[in-house]
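**Q** Questions regarding the structure given below will be posed in turn.
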């Protein structure tokens, strides 16, 4: 110190240098930190969610395009200084040039190129800033992001606040409101699962980079849960979504959707799911670093969210949630009912990195009960009741109970059981799901239920067997029964397909195909026997074992064999 004091020239030099250093930041002349964008204020950058955002007015660009970039602050906040650059995604080098018109902004030279960056001219308070960026007219261009350093005060600043990615397409296509789809490698990945992030996938432990039919989500949360990196991946033609829920049912959930807009580009949306209708789309909020891709039919997204997770329409105070994956189709940018849904079996602590393994009880017991009741209704009681009414009216004719023939009592009893079981199955699956699942299966199931209820109502008002109009009822009753049977078989096929989404062998569908062939064979044999009887009028009606009775016995044994196989399959699904 004495040396400095004894040398007035040296003291003057130090004072001028310090003064120049301070002034250089107040007037925004910060070209020396173009690479790091880090203010030399002697303080560390903030890691909390910034109260400032940077947005672009376009989502795609080509050579020579101009993009308006806006820096905004949240209500109640202002910034004194800033530094703005455009950078290719994953690069630390600036690209393109800026132009400004306002007096509170200036252009800086970075990487030896003028107008590569924009900064402030004074430390006056600012709420919003706009600048125009012009893309290069040549060179190796790629997707870009606008990166900003916001200075709230000398010791409070945020570095590297990024906009959503702007896609280079070289064809001049621009967008106005959606996050574009980038053509990139898989952005959701296994590395870090269990060590730095929570991962949930179906099938368990599938790898989105190598597995087929893999649905995958990952969440990497900061220690105070103010920031989360979210990854989503799944085979879908419309969207993949992740939900944060307080329970295992859809409703009152915080949701992020990675789906196609009306131009076929991927967009990330923030939504709140009420469980009874299409999720309500919210403002995207503080979401940055968006990367999206479609690879081999798989939708693929990652982004950083600084939004608070909100369930039951209020901000949650916990870090434990059930994670949900949903996927399905979209139409004109609107998501449709999901065709695939998976939920963790327990709540997941987002601050505790783990690999979530769901129990083998993939399908809720009520869904399995629904499937079993439907199979029993239309592979056993319903099928047997129908074949008795068609081919066994002559067996034990004149004998019966309650004044009715045995065939009639058996037919009515079996069909009544079928309708009751169908109604129970219909109710419990809606109670379990809580909403409309979408797809062909529920439509077919509703048609089966409606026509099944019509059948006994019409039968209750039928005319006497000798009435001249009786044939009208007979034909209507038979045609409706045939329609119910066809729809029920189709519903079973589509239902089994839902159980077998990850069974590459698909054995239950093959068993159902075998059952269909078996039943067709039995009907053909019964019909041939009926025709033979009509030709041979001398056939004794009192034979101890008539051919139709033997065929009925075989029919029941075969149906039960197929039924038991499918019941076992559903039970172990």
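From the backbone N, Cα and C atoms, a Cβ is placed for every residue, glycine too.
Marked as transmembrane segment by Swiss-Prot on the basis of sequence analysis: 4-24, 369-389, 414-434, 441-461, 479-499, 506-526, 550-570. The feature domain 'Reelin' is assigned by Swiss-Prot to 15-181, with sequence analysis given as support. Annotation source Swiss-Prot lists domain 'DOMON' at 213-328. According to Swiss-Prot, the feature N-linked glycosylation site maps to 286, 300, an assignment based on sequence analysis. If you look up Swiss-Prot, you'll see 332-532 marked as domain 'Cytochrome b561'. Sequence annotations record features per position, and here Swiss-Prot assigns heme b 1 binding site to 370, 441. Under the heading heme b 2 binding site, Swiss-Prot lists 411, 477.
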**Q** Pick from 286, 300: which of these glycosylation sites has the biggest number of other Cβ atoms within 10 Å of its Cβ?
**A** 300
**Q** Of the recorded positions 286, 300, 411, 477, which sits closest to residue 441 (heme b 1 binding site) by Cα distance?
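**A** So, of the listed recorded positions, the one sitting closest to residue 441 (heme b 1 binding site) is 477.
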**Q** Mind giving me a neighbour count for residue 477 (heme b 2 binding site)? Other Cβ atoms within 10 Å of its Cβ, every protein chain shown.
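**A** Looking across every protein chain shown, the total is 15.
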**Q** For the transmembrane segment (479-499) and the transmembrane segment (369-389), check the count of CB pairs under 8 Å (sequence separation 6 or more) and say whether it reaches 3 or more.
**A** yes
**Q** With H, G and I counted as helix, E and B as strand and the rest as coil, say where DSSP puts residue 286 (N-linked glycosylation site).
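**A** Where residue 286 (N-linked glycosylation site) sits, the three-state DSSP reduction gives coil.
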**Q** Could you check which of the recorded positions (300, 370, 411) sits closest to residue 286 (N-linked glycosylation site), going Cα to Cα?
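**A** Closest by Cα distance to residue 286 (N-linked glycosylation site) among the recorded positions 300, 370, 411: 300.
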**Q** For the domain 'DOMON' (213-328), what are the DSSP-based totals of helix, strand and coil residues?
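**A** For that range the per-state counts are 0 helix, 71 strand, 45 coil.
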**Q** Among 370, 411, 441, the binding-site residues in question, whose Cβ has the most other Cβ atoms within 10 Å in this structure?
**A** 370
**Q** If we call contact 3 or more Cβ pairs under 8 Å (sequence gap 6 or more), are the transmembrane segment (506-526) and the transmembrane segment (414-434) touching?
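**A** No, the transmembrane segment (506-526) does not contact the transmembrane segment (414-434).
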**Q** So which binding-site residues out of 370, 411, 477 end up within 10 angstroms of residue 300 (N-linked glycosylation site), measuring C-alpha to C-alpha?
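**A** Cα filter at 10 Å returns nothing.
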